[in-house]
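Single-structure report; data block below.
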Amino acid sequence: MTPAAVIAGLGAWVPRRVVTNDMLAEELDTSDEWIRSRTGIVTRHVIEAGMATSDLAVEAGKRAIASACPLRPDALVLATVTPDHPCPATAPAVATRLGLDGIPAMDVAAVCSGFIYALAVGAGLIATEQATTVLVIGAEAYSTILDPQDRTTRPIFGDGAGAVVLRAGHRSEPGALLGMDLGSDGSGADLIQVMAGGSRQRGTGRPPGPGDHYFRMRGREVFQQAVFHMADTSCRVLKKVGWQPEDVDWLVAHQANVRIVHAVCAQMGIPAARAVVNLDRVGNTSAASIPLALADAVARGQLRADQRVLLTAFGGGLTWGAAALHWPQVHLTP
Ligand code: UT7
């Protein structure tokens, strides 16, 4: 029988430095009131100069491995769009620093849907018996790609990392990924973009156009797409696993904006009180968003073993995805 992928460990890490809305308002034409009311974000964590995504990934990975002890990962999938370098992938360096030399390690780039995509890749490695235990990390140093002068993006995003350990098991066990759905629409690629640094606009030795290395987002259009696709992909997963919206104990949606999370709830008929929200403290951390939200919900005693959980995300690409599972008993290590 095909082995199922079962969550067996969870870890999260955010850099120490906290940036408040008021701190941003000293540098940008914005206010605490605007950021809170339009996004729900109050603070976010930002790396110190010299730190990179792999540093965040290693911290979250260490904690997930400790949480899954004595299991030892034999594959690593890292979701990120802020790799340490355009080449090579960041995952092999993370594996080596975690003492996992020799295992297959790869990056997955699906922007804010990255963690759900990486979960699917991890589950695929287990299903095809390429691996028995997969460390799946979502890590982003988003502050490194934001335009410091752009008030439409800088208040939204934060840095951080979260990880789970997937192990081979049986569908009937708590923690088994019962159903997943993934999708993309490249016609919306220009809604969320970094223009330079890839093969379309590669380095010539001369400085790139102003701001071409910075992240740009057409926020209002992304908002509408995010609500539609997170609700749509979630409904497809519910259908696959035979759950009704009222069966969902916790919706763990990508933490982009509290208005988006609540709009997804409204569209699906899930009470807003059943949505996990930690974006007020960490902002939008892209691929790290879902595991950070899971860890926060476990730490606060909201998310408990055997509860029915629906994960969903939307991001640049455009990409989206969802997954359903019964939450397992997992322990967090500080
Ligand atoms: O993670 C991947 C997915 N990402 C998302 O899902 C993000 C989706 N988008 C959003 O969350 C929201 O669109 C934003 C939070 C980015 C923006 O909120 P909004 O309610 O859609 O605002 P808007 O872009 O329609 O802008 C409204 C006004 C504009 O001024 P005018 O044109 O009405 O005069 C903006 O220039 O607010 C202005 N504005 C700001 N004002 C103060 C934009 N950013 C700021 C700011 N402070 N930081």
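Each residue, glycine too, has its Cβ placed from N, Cα and C.
Residues or ranges marked as domain 'Beta-ketoacyl-[acyl-carrier-protein] synthase III N-terminal' in TrEMBL: 106-186. The annotation active site is assigned in TrEMBL to Cys112, His254, Asn284. The domain 'Beta-ketoacyl-[acyl-carrier-protein] synthase III C-terminal' annotation in TrEMBL covers 238-327. The region 'ACP-binding' annotation in TrEMBL covers 255-259.
Sequence-distant contacts of His254 (active site), defined by Cβ-Cβ distance under 8 angstroms and a gap of at least six in the same chain, are Cys112, Ser113, Ala226, Met230, Asn284, Ser289, Ile290, Thr312, Ala313, Phe314, Gly315. Taken residue by residue with DSSP, Cys112 (active site) is part of a helix.
In terms of local Cβ density within 10 Å, Cys112 ranks first among the active-site residues Cys112, Asn284. Across all of the domain 'Beta-ketoacyl-[acyl-carrier-protein] synthase III C-terminal' (238-327), the predicted model scores a mean pLDDT of 98.
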